[in-house]
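Inspection log for the structure reproduced underneath, given as structure tokens.
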4 protein chains.
Amino acid sequence: MAMSHVSKVVLAYSGGLDTSVILKWLSERYGCEVVTFTADIGQGEELEPARDKARKAGVREIYIDDLKEEFARDFVFPMFRANAVYEGEYLLGTSIARPLIAKRQIEIARETGADAVAHGATGKGNDQVRFELGYFALNPDIQVIAPWREWDLTSRERLLAYAASHGIAVEHKRQGASPYSMDANLLHISYEGGRLEDPWQEPEASMWRWTRAAEDAPDAPQWLELTYTRGDVTAIDGTPMTPAQVLATLNAVGGRHGIGRLDLVENRYVGIKSRGCYETPGGTILLRAHRAMESLTLDREVAHLKDDLMPRYAALIYNGYWWSPERKLLQQLIDQSQETVNGRVRVKLFKGQVTVVGRESASDSLFDPAIATFEDDGGRYNQGDATGFIRLSALRLRTAARLARKGH
Amino acid sequence: MAMSHVSKVVLAYSGGLDTSVILKWLSERYGCEVVTFTADIGQGEELEPARDKARKAGVREIYIDDLKEEFARDFVFPMFRANAVYEGEYLLGTSIARPLIAKRQIEIARETGADAVAHGATGKGNDQVRFELGYFALNPDIQVIAPWREWDLTSRERLLAYAASHGIAVEHKRQGASPYSMDANLLHISYEGGRLEDPWQEPEASMWRWTRAAEDAPDAPQWLELTYTRGDVTAIDGTPMTPAQVLATLNAVGGRHGIGRLDLVENRYVGIKSRGCYETPGGTILLRAHRAMESLTLDREVAHLKDDLMPRYAALIYNGYWWSPERKLLQQLIDQSQETVNGRVRVKLFKGQVTVVGRESASDSLFDPAIATFEDDGGRYNQGDATGFIRLSALRLRTAARLARKGH
Amino acid sequence: MAMSHVSKVVLAYSGGLDTSVILKWLSERYGCEVVTFTADIGQGEELEPARDKARKAGVREIYIDDLKEEFARDFVFPMFRANAVYEGEYLLGTSIARPLIAKRQIEIARETGADAVAHGATGKGNDQVRFELGYFALNPDIQVIAPWREWDLTSRERLLAYAASHGIAVEHKRQGASPYSMDANLLHISYEGGRLEDPWQEPEASMWRWTRAAEDAPDAPQWLELTYTRGDVTAIDGTPMTPAQVLATLNAVGGRHGIGRLDLVENRYVGIKSRGCYETPGGTILLRAHRAMESLTLDREVAHLKDDLMPRYAALIYNGYWWSPERKLLQQLIDQSQETVNGRVRVKLFKGQVTVVGRESASDSLFDPAIATFEDDGGRYNQGDATGFIRLSALRLRTAARLARKGH
Amino acid sequence: MAMSHVSKVVLAYSGGLDTSVILKWLSERYGCEVVTFTADIGQGEELEPARDKARKAGVREIYIDDLKEEFARDFVFPMFRANAVYEGEYLLGTSIARPLIAKRQIEIARETGADAVAHGATGKGNDQVRFELGYFALNPDIQVIAPWREWDLTSRERLLAYAASHGIAVEHKRQGASPYSMDANLLHISYEGGRLEDPWQEPEASMWRWTRAAEDAPDAPQWLELTYTRGDVTAIDGTPMTPAQVLATLNAVGGRHGIGRLDLVENRYVGIKSRGCYETPGGTILLRAHRAMESLTLDREVAHLKDDLMPRYAALIYNGYWWSPERKLLQQLIDQSQETVNGRVRVKLFKGQVTVVGRESASDSLFDPAIATFEDDGGRYNQGDATGFIRLSALRLRTAARLARKGH
């Protein structure tokens, strides 16, 4: 749907080829002013070059924000409280970053008086949905421009031709470095395309960027102690840390030990199956450790309720509904469940594996060794109670069995 | 609840100290005849000694059955079609064996004219529930004897004294070999008790029996190719195998590579949190590989429906409801979903890790590379469709946002 | 998305103004041949006039099918086995008819060599989705034409002008009879639009067509006895009936007693809230009676599993996913659960109300009066069992309470 | 399980025969002091006679509390925010009263220094579970006495004989008045036993106490307007009311119009199916009206989330888990969802039926007539968006259909 009229647009701008072309195309196609927005969410790239490029392209309002703490604190950590995993495997590393970008773009649109926002995601992927559901939820009247769905630059050749004809610099080396489409932030780095489009093909060893191969990881294991406060890691090995520091630290240590590689086929919201590879070293550690902390401090039925709701919560994030009322309601339930999730977890890292080896909660452990023991429990648990428990649990089964025996 | 009158009882008998004491105690306490039943479900122990002991104890009807194939085919494999995991971690290795034991005991009771069955599980655990729900579901009028809930042999000292005074041989060495309460079958071996009763303590290296420590695993990875037919592995590296052969093979290979150790705190059905350690080498490989096979061949919503139902299905098995009508209904849904789960999965085993590196289905792949590609798709996917898709998906969010803006 | 080329299109044709205009417009717009398909699904209108009109409009292939039995047997009855209700109220009367129309259109397209199908549903409603998801699921390569989303006849005035200028007869009386948009079939009749667009307005008494006002219903109640076989009504008051006969009979009797009116605001799949009024006399009786039959013959956990899955199943039908694999899987589970749903239910009809007053199953009742009685049960239920049952069910609550008391 | 030692027990005491016998039996059996607690929760009986009887029986600490407002405000109203219905029919009238009684008993135990609590519920029912789970959750170390599970007064004859021999007055008239076991509070009155133990038998007309037969209800309908504030009714026909006033008013009006009778077979938590009849006039109105208020003011996915969780929430209340952490978490989610549930609902009452005829929300309506209209919407909704929406929703179905066609 073509826009009615656009006077100023806030573009999510990385400084790379694609968004540089988009920048130019937007002003050509819409005759509008472009505001660029570049976020540091831990992708590990210098952002100042983006400023230079934007300036050279004539942009007058340039936003470059460090959102790492906000990203970790308000997006990644809340999600990990839910033990969220999409389709049993994927830790939602890309999905969780989009709502923050969308929110900041809408804020900047308000600050700059822009009437439109734009992004560089393609029309086949999940990211367009995540961006745009965010835009609309936060500003229902914003105009949204998705160049990849509009323009005719439908191949890399055409894109390069456009760049050439419009004086947009193409950094050949960097582009050439990887045949994969990649996305990175504090939580993960992802790879799609190239040889991965055949799901039978194993990825090349050279693809992976954040983690060592298990084969090259240290020959000695490493132990970490994570301190939990209300479901969040607040210290590592006794050192208090901010959420972003926690992620950065676990990424570094986990990556060294080869932890967090994933290779999967996933179901996109737009109806396509796609192959993706991911490195999520810190997140992989966090997921295991958080479950362990909960295993000691959450009531059984609360834990099961969370488990039952988790796939729905994860799908909401995957599909782009972070800013929806249903995600927020689920989040409140999840957050409230974490009041008692306090204590320490010990994990062992070795050759790609993270293993929980200990968990403890001085304040909130529901593990009662006096009851659980195989030894004499001094009468805290009356084994005879189990007889009635089983007999009533079995009653309906027996009634049915009696009926069946009658020859039905 | 004391039994009315028992004339003959079928005892699940291992030949170990506990069930030997139970054997004697049953005939003393109830003045009844005892039939022993010993099953080979892959626990890796000689069963003939059990026959000798039973004979010496005066038992006239001794059943020793090899149930390995039935166990793998009718219990383990159906469960893995569901990707069943209890509380996010536990592969249900003990839970899945109990319904088979219960079923066979009830069959033997019918064959031998026994009016009661007995087991050696304690009054604090899940196994008593699993056994007895099975008994009652399969024979609503059977009498059930659970000596641990009835007798006064409530400490190991008393048990040993009873054994001594009744001439029951105690194999001191073997008993002394492990401080843990263990259970093993084709799917797994488990450890409870001892130092594990403190969840902060890491298990001793010497506890683990089936898997090498990752540190001692081979320095070279190994690749396996699993062939799937309707959701089940039917060949490994091209060699057709029965279900029990599949499990045995994967246990051997996986164990060598240190795969499948687990250390967790779980919530028992009787209301207790307990610490358990598990080795499930083959099962760990099966779970990852099956998900990968499904990722290619299952429709997205079918996969999500299965994921949503999985925790409930797993809890049913954990809690002992294998023979319930609700488990059977879920099983039929799960089995029917597997019609298209055919193809091959390639996994890499190394230092405790199993990684999926390829999946392929000549007959049933829903992965359409022509659509998924980043390259030109020749019009198979119209990117413009995404605009309407997003706009209608966002409509309710926009309506709410407009209302909120009105100053509500 | 404009069609590439259309040579022959199968139109769902009622003979009314809208589809008559569409018929003409299709041949003008696409220069294609039009096949008309008119189905009798119990809407209570003569179909021969549609044949005449189609013939006059030059249509050479005219399909007029009586689908009442197929509709009742293969769509309505399976849905009622699930006790399906959308958003707590709506009995899915319109939703359930669309998949059958879609299926028959695709069949006719194959028979006539047509390469496209068309329907008269608007771009705001659910019906377009239900038709088109059906088309695509049954023939992925069919071309779909939805004139309301394509043409510029966007107001009634333009439509009438087009009709006038193309010699399409407008039956002024009949059109004038109702200010509402209506849809009818064997299961229900629905009303939308007009004064209903204000959800605070009570519908006029004259709107309702199938049911008497409760005020005008007979002053004496009427009792019916429904016989169930595997979850379906197979006889009324002892008279065996086909599914369509059951629906017709219950509609007649229920309508006379003022049963089945509904007035609600519902959430459409496309993101809009809309007001609808419905008359579903037979369906309202079926829903209550079926639940009553199940209350006696279904195991508790099976019933709860069905209840938990019902909203999902109902939403699938509402949203148009009848032909999806996930609906089929759920249907199989539901159907299998009905094996034991056999017996009789007695209902009382009076002044708009249907009340269950008796239920009985000679073959499958799980109601055991000997256990349920307040009188002496002769030991079939041991009240002491409840002590253990409660104590173990309370164990986790007590553990948490003890911890809380410690001053956490 | 016999109690260790009891010095003082708080008895839930109605003053009727059963609890009078229990009062005597407790002091005889345990040699303990008895504190009586009688609550007015709207059962419609004089409580002062209970005081006299307790005094005459020698009780020194007598608690008689008016809990009607607390019951309506903190138990009934929160439950109705969830649209809670057990097994599709039952409005949980008895279930919701037990947690309040349990809570107050535990408070009184603390105030009076009692070490035990007792109730008069039988060992076959749900109420024992509801009381005792409440007791244990609120005081994990309290001793619980359930005389019906302990004593040998297992028939009415024995009970009467005990009463006679202990000088307990039996009010023959009142006891003779009803052959049913009844329970009443502000929300409902229930009937069990007697002729109801045959589920095929229709209840006698004389059984019902709160509602007129529809046949005897007024011949003219009555309309009510309910004002909602955050999900609760706060005024009727413009008159502000407390929660208890709302219930009392709706019971009176609804009862006069014959509203709220229910006759069903339900599945008890202890594994028994039982027949019960209920009158819930006010609750029946509240349920319908609340859904109507939500239909206008709740986001679709929030409403669906609530619907999906409802059966679980209802089962928690039915089974006695009001004081569990999982019920509390669900309650918080439900309560938070009600922020926008503000406005008015108009209902019509006539001959046993309650019909919603209007709903309106000045502040929070998500119904957008400008979009929903069949008339020209001035471009607020782009019908063309539906094309992309449907095409992407259908994509996975088409992919599967293409594969199926290949001859799989």
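Easy rule for this one: first residue shown is 1, then count along the chain.
Keep in mind that glycine also has a Cβ here, set from the backbone N, Cα and C atoms.
Automatic prediction, not curation, is the source of TrEMBL annotations.
As the structure is a computational prediction, the values presented were derived from the model and not from experiment.
As given in TrEMBL:
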type	residues	note
BINDING	D:A12, D:Y13, D:S14, D:G15, D:G16, D:L17, D:D18, D:T19, D:S20, D:A39, D:G120	ATP binding site
BINDING	D:Y90, D:S95, D:N126, D:R130, D:S181, D:S190, D:E266, D:Y278	L-citrulline binding site
BINDING	D:T122, D:N126, D:D127	L-aspartate binding site
Next item on the list: Name the one residue among D:A12, D:G16, D:S20, D:G120 whose Cα is closest in three-dimensional space to that of D:N126 (L-citrulline binding site); these are the binding-site residues.
Entry: D:G120
Margin query: Between D:Y90, D:Y278, which of the binding-site residues has its C-beta surrounded by the fewest other C-beta atoms within 10 Å?
Written below: D:Y90
Margin query: I need the most crowded of these binding-site residues: D:A12, D:S95, D:S190. Count other C-beta atoms within 10 angstroms of each C-beta and give me the top one.
Written below: D:S95
Notebook entry, point to check: Reported as an integer number of Å, what is the Cα distance between D:S190 (L-citrulline binding site) and D:D127 (L-aspartate binding site)?
Noted result: 13
Check: So which of the binding-site residues D:A12, D:S14, D:G16, D:S20, D:N126 end up next to chain C, with Cβ to Cβ under 8 Å?
Finding: none
Checklist line | D:E266 (L-citrulline binding site) to D:D127 (L-aspartate binding site) - Cα separation in whole Å | finding: 14
Next item on the list: Would you list, in sequence order, the binding-site residues among D:A12, D:S95, D:G120 whose CA lies within 10 Å of the CA of D:D127 (L-aspartate binding site)?
Entry: D:S95, D:G120
Next item on the list: With D:Y90 (L-citrulline binding site) as the reference Cα, tell me which of the binding-site residues D:S14, D:D18, D:S20, D:G120, D:T122 is the closest one.
Entry: D:T122
Next item on the list: Measuring CB to CB from D:S181 (L-citrulline binding site), give everything in the same chain under 8 Å that is also at least six residues away in sequence.
Entry: D:Y191, D:E192, D:G193, D:G194
Next item on the list: Among the binding-site residues D:G16, D:G120, point out the residue whose Cβ has the most other Cβ atoms within 10 Å, with all shown protein chains included in the count.
Entry: D:G120
Item checked: Candidates D:S95, D:T122, D:Y278 (binding-site residues) - the one closest to D:G16 (ATP binding site) by CA -> D:T122
Next item on the list: Around the recorded L-aspartate site, report the further residues of that chain (criterion: Cβ within 8 Å of the mean position of the Cβ atoms of D:T122, D:N126, D:D127; site residues excluded), sequence-ordered.
Entry: D:A121, D:K124, D:G125, D:Q128, D:V129, D:R130, D:R268
Notebook entry, point to check: Which one, from the binding-site residues D:S14, D:S20, has the smallest tally of other C-beta atoms lying within 10 Å of its C-beta?
Noted result: D:S14
Next item on the list: Measure from the CA atom of D:Y278 (L-citrulline binding site) to the CA atom of D:A12 (ATP binding site) and give the result in Å, rounded to a whole number.
Entry: 23
Notebook entry, point to check: Which of these binding-site residues is closest to D:G120 (ATP binding site) if you go by CA atoms: D:S95, D:R130, D:Y278?
Noted result: D:R130
Note to self: I'd like the number of other C-beta atoms within 10 A of the C-beta of D:D127 (L-aspartate binding site), please.
What the structure shows: 21
Next item on the list: Show which residues of the chain containing D:D18 (ATP binding site), separated from it by at least 6 in sequence, have their CB under 8 Å from its CB.
Entry: D:G120, D:L159
Check: Taking the Cβ of D:T122 (L-aspartate binding site) as centre, how many other Cβ atoms lie within 10 Å?
Finding: 18
Checklist line | Candidate binding-site residues D:S95, D:T122, D:R130, D:Y278, pick with smallest Cα gap to D:S20 (ATP binding site) | finding: D:T122
Notebook entry, point to check: Secondary structure at D:R130 (L-citrulline binding site) (DSSP, helix/strand/coil)?
Noted result: helix
Check: Measuring Cα to Cα, how many angstrom lie between D:Y278 (L-citrulline binding site) and D:T122 (L-aspartate binding site)?
Finding: 19
